[in-house]
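According to Swiss-Prot, the protein carries these features:
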type    : residues                       : note
BINDING : Cys315, Cys318, His335, Cys342 : Zn(2+) binding site
BINDING : Lys476                         : ATP binding site
DOMAIN  : 464-759                        : domain 'NACHT'
REPEAT  : 60-127                         : repeat 'BIR 1'
REPEAT  : 278-345                        : repeat 'BIR 3'
Amino acid sequence: MAEHGESSEDRISEIDYEFLAELSARFGMNLVQLAKSQEEEDHKERMKMKKGFNSQMRSEAKRLKTFESYDTFRSWTPQEMAAAGFYHTGVKLGVQCFCCSLILFGNSLRKLPIERHKKLRPECEFLQGKDVGNIGKYDIRVKSPEKMLRGGKARYHEEEARLESFEDWPFYAHGTSPRVLSAAGFVFTGKRDTVQCFSCGGSLGNWEEGDDPWKEHAKWFPKCEFLQSKKSSEEIAQYIQGYEGFVHVTGEHFVKSWVRRELPMVSAYCNDSVFANEELRMDMFKDWPQESPVGVEALVRAGFFYTGKKDIVRCFSCGGCLEKWAEGDDPMEDHIKFFPECVFLQTLKSSAEVIPTLQSQYALPEATETTRESNHGDAAAVHSTVVDLGRSEAQWFQEARSLSEQLRDTYTKTSFCHMNLPEVCSSLGTDHLLSCDVSIISKHISQPVQGALTIPEVFSNLSSVMCVEGEAGSGKTTFLKRIAFLWASGCCPLLYRFQLVFYLSLSSITPDQGLDNIICTQLLGAGGCISEVCLSSSIQQLQHQVLFLLDDYSGLASLPQALHTLITKNYLFRTCLLIAVHTNRVRDIRPYLGTSLEIQEFPFYNTVFVLRKFFSHDIICVEKLIIYFSENKDLQGVYKTPLFVAAVCNDWNQNASAQDDFQDVTLFHSYMQYLSLKYKATAESLQATVSSCGQLALTGLFSSCFEFNSDDLAEAGVDEDVKLTTFLMSKFTAQRLRPVYRFLGPLFQEFLAAVRLTELLSSDRQEDQDLGLYYLRQIDSPLKAINSFNIFLYYVSSHSSSKAAPTVVSHLLQLVDEKESLENMSENEDYMKLHPQTFLWFQFVRGLWLVSPESFSSFVSEHLLRLALIFAYESNTVAECSPFILQFLRGRTLALRVLNLEYFWDHPESLLLLRSLKVSINGNKMSSYVDYSFKTYFENLQPPAINEEYTSAFEHVSEWRRNFAQDEEIIKNYENIWPRALPDISEGYWNLSPKPCKIPKLEVQVNNMGPADQALLQVLMEVFSASQSIEFHLFNSSGFLESIRPALELSKASVTKCSMSRLELSRAEQELLLTLPALQSLEVSETNQLPDQLFHNLHKFLGLKELCVRLDGKPDVLSVLPEEFLNLHHMEKLSIRTSTESDLSKLVKFIQNFPNLHVFHLKCDFLSNCESLMTALASCKKLREIEFSGQCFEAMTFVNILPNFVSLKILSLKGQQFADKETSEKFAQALGSLRNLEELLVPTGDGIHQVAKLIVRQCLQLPCLRVLAFHDILDDESVIEIGAATSGSFQKLENLDISMNHKITEEGYRNFFQALDNLPNLQMLNICRNIPGRIQVQATTVKALCHCVSRLPSLTRLGMLSWLLDEEDMKVINDVKERHPQSKRLTIFWKWIVPFSPVVLE
């Protein structure tokens, strides 16, 4: 290490790019690019952070404390990181070494933090084992005193002499002043930061900044004569009372401890491993191959335990594995050779010379062994012996000491340490759970304040009567056993103060048993014995040095008298008791508790810790699990307790496929299997409990209830006092008048509800079936099925029975047609709070519905079909469900990927029922959407002058573009991480050869693509060959058609439609298109070129029915169409848009030869031959849609033929000018004859303005009208006609557009708002104005608007640009929006995007 306080600033890389490339390939993600970007960001953060030796984080316990707010979804546990020298910085997820300042932001499943630390900073002095002041998490301040101070005791009576001893005081302890220490009577011993009182001999170490030497002296050695000479008894008492933890504990309790010190275990990094104990390591070699040439004893001494596979052994400390042992191999030498930095080896080496000395020092004191001075104030006072004890007292002392020895032997045996789990979890090793720190909070009985505690803090605060409460399987037993093991192993100095520790299971005792009998039976075994008198004497004499760990507490009434008294009258005995109790059993013991500890949910990093150790031979399956949960954050909480982890370990052991296809439902199945094995003797009782709890879960789920009271339980038939219930539900009583019950998790509630629903639907009782149908029918919309109840239905399918499945399938497949439910979709807020990720899913689905109802329908249909098929196949009822499935498929459009479903392999003929299949091919060629030109509208517009309170009505385009660019960048990054996948044609129908049936119609959507690669071409060739008809929709994909020429040439007779937008067609591509003989529809729009070769030869498409050309600003389109085009008599749609002058005579000839024309759109700027055009149109009796724009229109000529179009559904004359009143009146009268009209965009002009009221009245006679638009013609009188004429009229109106009507005054708007009513289907209302015509309105008008909006129940879009609204106005409008039936969908557009900032008036 450099000088203390300095650190290397070299750039470091935490990423294993070789492994990352492997991971990218495995999961189809480009993680390397993402990692490089993240690494650069981390480096910038690293450069900002403070470096240098951090003496405040020398303590491992303090480092551990910094992780309280750490993200639990990580691969490293806080214990591993703190032991490796790291503390949480609070900057993102960054951790930093207290010694070398190494900063890490990432975790690694394959590399532990200590390994990552060694790789990146091998020179770190902490790692090298040098004295940098590290304080182990279980270490204590009290140290064993030196036999003789340097220079003799007498010389240190003077403070200056004591001060001189601190000449080599270590750098890391400078936070504690040598002057203050010497003043408090301490002398530096020269070892680490250990000091010793010259008077009483008390020795203390582990000094940290802020420590008060006088306080420490008073706490640990209150009888010191020097201390008493300097401080009054009151001051000493205050010091002791204000000390945190260690109540009633002094230094004497630690120094006189009977616990053997396991010296090689001083390292903080390995003192949690139970395999630090040689006997436990030895026990793991029971199945060691007999033919192995290496002795088990040598392997054990070298720190190894057997993994159970081949001849592979693993070091308990460094985790290193060795195998393939040969004759003559020395395990210790090989350990040193391959893993020289192993902490166990280093500690073993450094302790080799010290062990004999310390072992004799720590030997149990005997009256005849003392050689110390008899001075009362000397060190001998601390090491007092039993020389003054009477004979009877000496007897209890010897028996107690012997008992302590027997207890320690018991707690370090495998039979004690191994988890007592039934056979479902029997393979879970001892080391995997005892090494995990549970998450604990402390709740002081007399105070509502709760606080998180680390395990060292718990151990420091053990006193009086305490309980540790938690769910069934939360780790209470493990926690108590861990305390007993750590005490017995000598690895935990914090527990040295206890001379006797009794772990007693209360589930196997009877009320008439004596305490001595219980201890003998449970802990001492055959031959073990302790007298009641001796036990009583030991408890009375040792008091606070006795710790009872009472497991499986169920109530005071069932306890033997001795234990009952210890709990209820602890003030008489002053022993320490820690009682493990289920959460719902705490109430009757609470009056006797000082502190209650509560075990929280099992952190996910503990799950990873266990699985990483248990499946170290197959780490890939653990990686898959982590990725699964990273993609499904809502499911991370399923590992609520260690018991769930044990269940999945068992499932993975028994079912290898579960490792590759992990699903949360298998976890719950494994957990229920565990319960069935645990309670197989009472199977009927278990079934009844699961059934009643399932009923409660089901009722709660459908009423959005996730908390229950006693009445709810009683109504569902749940017995809250039955122990089985505690494995399914939790009881919460803290700070509540009545207890509240919850299931082990929201997902577990859904799982039990699913079990119950299947039970009901499968029942032979009609009442049960009816109840099941009642619940099933509450899932009455597709959105509920694929969102709020998606997980629930998935769980139901995993239990599906042959009787229930057809009922569920029929119901699900009928939901897609529930249109009314779709229009009233709203999320379940209570459910969303529990499943925040589901809320994002809901937002996506709702957004899809708003943007593209057609895509939403296809998406929902596919999802429901997949779910229905899961039910059918899981229950083996495909034949019974097929009629429902076939009916569902008829006439429907679905995604191509559904053909991978097994059903289309089994029933390929069902393919013929579909209307079409869609496939999308998306590339990375971004089309810029931010280059729109604002010049057309804004170039001659002056910035508006407005009051400051209205400036929020305008947003500068640069800000808008900046936000859009950020979104675009996010999209690019996402696409780089997730490469575009090829259409999947690997399963189901695609495995049939030959294909018995073809896809009726294939719709191919290609977006932002360049030329296709060979892999995509191969896929398209196979898909095209399996299609009867193919339709192309290409957007921003120049060069794509040429690249798939081989596929098109093989299937050219199948291509019926080609729609192309924003792309350039090469000459080769135009020639390729001309070879498609079956083309019926051709669309070309928004291109920068005129594909003249294609257009010159349009007549070669003999089956062409639709031609759509939208090329604003390009050369005259009509001029390049061939004369032979008129021979295409089947034309049904002709849409021409060009902004140049056109010769309409050719167009007239075309129309005259198109008798089947249904749709006609025209935009151009030439007026000649208009009358002949209208005459030609009049002959088209089948026209359903007419749109005119540009300058090609003569009003009277068109009005004269308008009554001929009795089948007309859409008439768009937006922007056409009707100047005279006579023509306008005739137009209004003609409208009355268009009884089938659905959409009307009214023309403009003075004439139309004069007859606007008449037009409104005529529209009232149009029963099918859905869209109505008036621009620039309405005034106060005419607009009120619309409002006043709504009684019984406009019932189907969905879109009312009255924007840009600047003749309407504020009063006119107000009257209109007050009158508008009874439009039940109106979804869009547009009242926008242009910027010069902006309007500033009074509060009464805003109020009228709000009342109007509240009377339009289907409104989802309100446009009101140029309405100047202040903060108060928007508050009123937003309040109405929140209360509106469509509040989740209603969007209000009121803000202009402009290339200027408004002028603010003073």
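Cβ atoms here come from the backbone N, Cα and C positions, even for glycine.
Swiss-Prot feature annotations superimposed on the structure.
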residue	record	DSSP (3 states)
Cys315	Zn(2+) binding site	strand
His335	Zn(2+) binding site	helix
Cys342	Zn(2+) binding site	coil
Lys476	ATP binding site	helix
Exercise for review: Might you list, by sequence position, any residue in that chain lying six or more from Cys315 (Zn(2+) binding site) with a Cβ less than 8 Å away from its Cβ?
Suggested key: Ala302, Gly303, Phe304, Cys321, His335, Phe339, Cys342, Phe344
**Study point:** C-beta crowding around His335 (Zn(2+) binding site), within 10 angstroms
**Key:** 25
Check your understanding: For the residue listed as 'ATP binding site', which residues of its chain lie six or more apart in sequence with Cβ-Cβ distance below 8 Å?
Key -> Val468, Glu469, Gly470, Asp551, Ala580, Val581, His582, Ile599
Revision key, fill the gap. Cβ density check for Cys318 (Zn(2+) binding site), other Cβ within 10 Å (all protein chains) comes to 24
**Study point:** Cβ-based neighbourhood (8 Å from the centroid) of the Zn(2+) site, residues Cys315, Cys318, His335, Cys342 excluded
**Key:** Ala302, Gly303, Ser317, Gly319, Gly320, Phe339, Val343, Phe344, Leu345
Practice item. On the DSSP side of things, how many residues of the repeat 'BIR 1' (60-127) fall into helix, strand and coil, could you say? Key: 20 helix, 8 strand, 40 coil
Exercise for review: Tell me the Cβ neighbour count for Cys342 (Zn(2+) binding site), meaning other Cβ atoms within 10 Å of its Cβ, over all protein chains shown.
Suggested key: 22
